[in-house]
Amino acid sequence: MVANGHFAGVGDVLDAKNYEHGVQVIDEEKEFNPNLSNYLSYENVTPAGFNYHLISVFGSQSTGKSTLLNSLFGTHFSVMSETERRQTTKGIWLSKNKRLKSDKGQDNQTKMADNILVMDVEGTDGRERGEDQDFERKSALFALATSEVLIVNIWEHQVGLYQGANMGLLKTVFEVNLELFLKDKRSNPRSLLFFVIRDFLGTTPLQNLQNTLLQDLNRIWNSLSKPAGLENSSITDYFDFAFAGLPHKNFQPEKFVDEVRKLSTRFCDGHRDPNKTDAKGTGSIEGGIFLPEYHRRIPADGFAVYAEGIWDQIVNNKDLDLPTQQELLAQFRCDEISREVLVAFDEAISPFEAKQAEAVQAGNPQVLGGLGSAMCNARMKSVKNFDTEASRYHKRVYQMKKSELQDKIDSRLKALFLGQLSAAHRSGIQEFTESVTAAVKAGQKRGASYDFAEIVTKERKLAIEKFEKEARAAVVEDTQWSNYQQELSLYQKDLENIGGQLRRDEMRRLATRVGRWVRSRLGESIDLEFNAIGSGRGGSGAPEFGDKPSEKSLWDRVWTLFVDTVLDAERRFTERASSFDASIDEVDVGLWRLRRKSWGVLRAKIDEEMMEGNILLKLRENFEDKFRYDDAGVPRIWRPNDDIESIYTRARESTLTLIPLLSRFRLAETNAPPPLDKWIGHTPSSATPADEEDLTPIGGVDEDEGKSLEEEMTMIGEAKKQDLTVRFKKTADGVYVEAKRSAIGGITQVPLYFYGLLLALGWNEIVAVLRNPAYFLLLFVCAVTAYVTYQLNLWGPIIKMTEAASQQALMEGKTRLREFLEASDTGLQAMAMSKGRNAEEYDMSNMKNRKSAGGFQNNRSHIDDADDDDDF
């Protein structure tokens, strides 16, 4: 026996040299070789897909099957030694065709098919197994389930015999074929039985030998017990037949080699000629013997797994179900391919997933550049690679596994896609808010009017365009989840909400600016009205021109002034709000808030004027205007004969009438509070709690306040009125006493003898004046001037001016003296000793000075507010 050392048997150590000439698929102990896939990879058959062919050889033991395969395909199967007769091939061996062309010099038409795999099956009828035909049947079933062509190796003299012609083996083949067909009615697989008649002498024509074999085969087929529904089936329904004769290898070696070369040309792809049909309409085979219908449609990369599954079913005496095995193989291989594809997919997508997860964890989602193209390419390559490798397997399983793979890929891509849209959504909202705010601030800095609605519309359009651009860039074609219309609608809705919120915020800022404008205007106007109290009778507080207002109509003027100011503010608010594209409801809420806040401003200003110090000052000014000035506004010079008591009483009682007048906000025309509740109006239905939370409750308007409109209009309480009355009377009494003292102080009691003494002692001077015209003229001018001054009531102002001048001179003298003392050491010591001896005196004039200073500061604040709100 000649054995080649470069064969890989079951259990051999993995070595590339062992695969050089073949591999043992199944050993004599019926063990399957797990290294079959390695051999196919070594021979580069795995990537062939369906472009491979499998041939099995049957025949009796020691009939030259291995020799035939070695001669025909250039393989190196072990052959029997000529010196002994014994079993050579044990189990099932497999090798790839090493003979690509039938002979050198032949054209490409004679080239053998690519990737021909040849299985050398253990011979039958051997003495080693004896009557044990279990392996014979199992090997036949395995070969039939995997092979396209079954070569039956027989000698010419065995034709017509039963055992010698392997008819028993063929009967087994037919039986297992029916068994397979019963399980696989959908595909109806066919096989080619290729009879190679050895030691063919040519005495008996090959056609006669062919007829004999076909008759024997038909007889065997007809004798089979066929399953239900297949009773009338014919052998040609499942098998095609081919025949070839080879001369004796030893006696006719050259002719044997030549016939083998010719025979090898038939092992290529063929087809059926529709113009040459048999009785059943089946076209004759033209060209090579490999027809597509013979192929078991098992991809080369899955053949090892498929063959192992088939053998496992066979060796365990289970019903062999080829469709199920094909499905199981498809599931196994598709899962393997899917895992391999996902590895490459992970390499392309995982970096983006990591970046996105990191950004989300940091709370700052980012739009990833190049994500869309990366997802499209990764998905396309993954699906394409899967299709290339897995589409050759069972269609239903392939489609199912492809769908599962796409689901896995799409689930991850969808998460990335939605994360990208979420980041675009968030960044777009932020950029939209910042852009609108920046545009508004720029408009405010320019000092020009700006159209808020136009700004929002422009920025919203840009934001949507940017979002759509980023969304389109992330779209993966042919996926349902790539439709971003829902996210776009949500984004547009959020932009609307943000725009609305920005508009409401801007309207609140507008309302604040208008409120400051109202506060500034009301502050100035109310100051003028309250400063004019007492000017109705003339005096220092009376206006120089126009009508002199009456105290009785004070609240009417205040209410009219307030309403007119707020109406002007409402007009300004409405005009500016129109540029915000604000709704009617929003404008109504803004106006309602403006009226309420304006009333709060007015009430605060009135409360400021009604402070104890301020109101006492107003009452004193009013009293002094009536007491110290006449109806023409001329200051009174009190004389002993003046009726000071009656003037004082009238002035005091007139001023006391102001206290109840000022204590309640009442209109003189109606003698009732102004209609504040109607003027403010009901709360708009569109007002939100946020619109009301910063508003001060108003009595008579807010039911929950618990105060009536009458109480809201009460400016001075009863206790405060009584206190003001008492304190005012004390102040008025002081003024009266001062006036009385002034009148009494003007009375002089000159004794009569004083005039005689004056005449006696001043006679010389009198004579000198009378004799000197210059002196006399000067005396005359002085007398006339004094008379005119008296008639014009100018002595009082002259005296005051003199006193003021003297006071100014005194202050200047003190300043010069202080500077002198500070410049000398003695002066500094004297000043140090005098510290702590000064006391402060407070009277109503000091209060007036403080009020004036406070008014100045208030005016400054009003001026500042007015400067801020010049645009209104």
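Residue 1 is the first one shown; counting continues down the chain.
Note that Cβ sites are derived from N, Cα and C of the backbone, with glycine treated the same way.
Features of the protein shown, as given by Swiss-Prot:
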BINDING   G59, S60, Q61, S62, T63, G64, K65, S66  GTP binding site
COILED    482-504  coiled coil
COMPBIAS  690-704  compositional bias 'Acidic residues'
DOMAIN    49-307  domain 'GB1/RHD3-type G'
REGION    676-704  region 'Disordered'
REGION    849-872  region 'Disordered'
TOPO_DOM  1-749  topological domain 'Cytoplasmic'
TOPO_DOM  795-872  topological domain 'Cytoplasmic'
TRANSMEM  750-770  transmembrane segment
TRANSMEM  774-794  transmembrane segment
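Features recorded in Swiss-Prot, as mapped to the structure shown.
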residue	record	Cβ contacts under 8 Å, 6 or more apart
G59	GTP binding site	K65, G123, T124, V152, N153, I154, N166
T63	GTP binding site	G123, N153, I154, W155, R198
G64	GTP binding site	V79, N153, R198, K249
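Neighbouring residues of the recorded GTP site, listed in sequence order and excluding G59, S60, Q61, S62, T63, G64, K65, S66, comprise G123, N153 (Cβ within 8 Å of the Cβ centroid). Same-chain residues lying 6+ beyond the ends of the region 'Disordered' (676-704) with a Cβ under 8 Å from its Cβ atoms: 563, 585-586, 588-589, 592-593, 595-597, 599-600, 710-713. With every protein chain in view, the residue among the binding-site residues S60, Q61, S62, S66 whose Cβ has the most Cβ partners within 10 Å turns out to be S66. In the three-state DSSP reading, G59 (GTP binding site) counts as strand. The DSSP secondary structure for S66 (GTP binding site) is helix. A sphere of 10 angstroms centred on the C-beta of K65 (GTP binding site) encloses 27 other C-beta atoms.
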